[in-house]
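**Student:** Pasting a structure below so you can have a look.
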Ligand SMILES: Nc1nc2c(ncn2[C@@H]2O[C@H](COP(=O)(O)OP(=O)(O)OP(=O)(O)O)[C@@H](O)[C@H]2O)c(=O)[nH]1
Ligand SMILES: [Mg+2]
């Protein structure tokens, strides 16, 4: 009998370690939260996290992000455990990237290009693909030299350009040309979208905004009966979807769009500005919050900051606390498992500080279709009020 051959058909997952700097005054649970989120990003990108390294520092080292001792420690681990990539929780400067790469000799990623990578894998429409490619090239441009460090030694004498440099220059030129090409293409797409938006009837426009993975698409699907992709991964949605929704004979437009995250790469925000036009031009924002997330308050702040960047902070906003089914009160008795898991009632939510600090606000579970009527009613009242204000002579709708 011949020897049986077995084939390993499973895709090999890349093994990653995470590296973060702990700033003075940062609480342990904050550090954990930041690195958990980074791990979730690695998971979303298809990697598996094997270990995490942190170092307490005033600010990241300019040369190597962490200190040289810590880098040695990481290097030893990477070698002995055959790690494929090391992921840093902040954006690395081109020189940090070069130094670390030289030292560790494996793939080095930072938060920014991890996010860019996920975006690249998710982009569906021409607009999203173009936006991501543009952001990737802009990220790459200042970091180009690192690809050619092995050629540096071949440089000729004074005044002679080494082959490495020539290569970098022609690459740089190519990238710059591609960037301007993509910018042109985006302008064209923007124009088409603008015309499309203008052609829409004079309907009130409502936009779902919020941190990534809070349930925006689930809410969209629920109230518009559409099939927007929703899953427990970061950045499930990249493209903006707009649907006409009718609540009690009142039609309006509802849009679902890309979620926000801490330290969203600057280039990406720039490149996605046009995707976020829907947010900027909306009449009402629904700020969705995942109340079951341990740091939902931080997430609220990140979203508000991003909205400010977009010039959309002062819009009429309804704060919707979602996932109440999964909420666990932090004040619950730690020693009493049962009590800890006891659900918060709607009444309790309404009396909580969350309701006091965010008005108007309401509490729902999109997944379990809990309290949706109140949500729809509040939305309806808001839209009617806006409609009356805007079209005082229009008796058409209600
Ligand atoms: N327990 C619970 N899970 C929910 C609820 N609403 C949504 N989810 C889950 O949360 C995850 C994220 O939901 P999405 O609707 O994709 O979230 P999103 O805000 O659109 O996320 P991105 O598009 O990635 O920014 C999914 O696994 C949903 O099933 C809820 O009310 N309760
Ligand atoms: Mg989504």
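Each Cβ is built from the backbone N, Cα and C atoms, and glycine gets one as well.
Quick paste of what TrEMBL says about this protein:
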BINDING   210-217, 235-239, 256-259, 322-325, 365-367  GTP binding site
BINDING   217, 237  Mg(2+) binding site
DOMAIN    204-387  domain 'Hflx-type G'
**Student:** Per DSSP, to which secondary structure element type does residue 239 (GTP binding site) belong, with helix, strand and coil as the options?
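**Tutor:** In three-state terms, residue 239 (GTP binding site) counts as coil.
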**Student:** Report the mean pLDDT of the predicted model across the domain 'Hflx-type G' (204-387), rounded to a whole number.
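**Tutor:** PLDDT averaged over the stretch: 83.
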**Student:** Hey, does DSSP put residue 213 (GTP binding site) in a helix, a strand, or just coil?
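**Tutor:** The residue in question, residue 213 (GTP binding site), is coil (DSSP, three-state).
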**Student:** Taking the binding-site residues 210, 213, 237, 239, which residues show a Cβ-atom distance to ligand 2 below 6 Å?
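**Tutor:** Close enough to ligand 2 are 237.
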**Student:** Using a 10 Å cut-off on CB atoms, tell me which of the binding-site residues 236, 258 is the least crowded.
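**Tutor:** Output over binding-site residues 236, 258: least Cβ neighbours within 10 Å is 236.
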**Student:** Write down the Cα-Cα distance for residue 237 (Mg(2+) binding site) and residue 323 (GTP binding site), rounded and given in Å.
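**Tutor:** Between the alpha carbons of residue 323 (GTP binding site) and residue 237 (Mg(2+) binding site) there are 18 Å.
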**Student:** Which state, by DSSP, holds residue 258 (GTP binding site): helix, strand or coil?
**Tutor:** coil
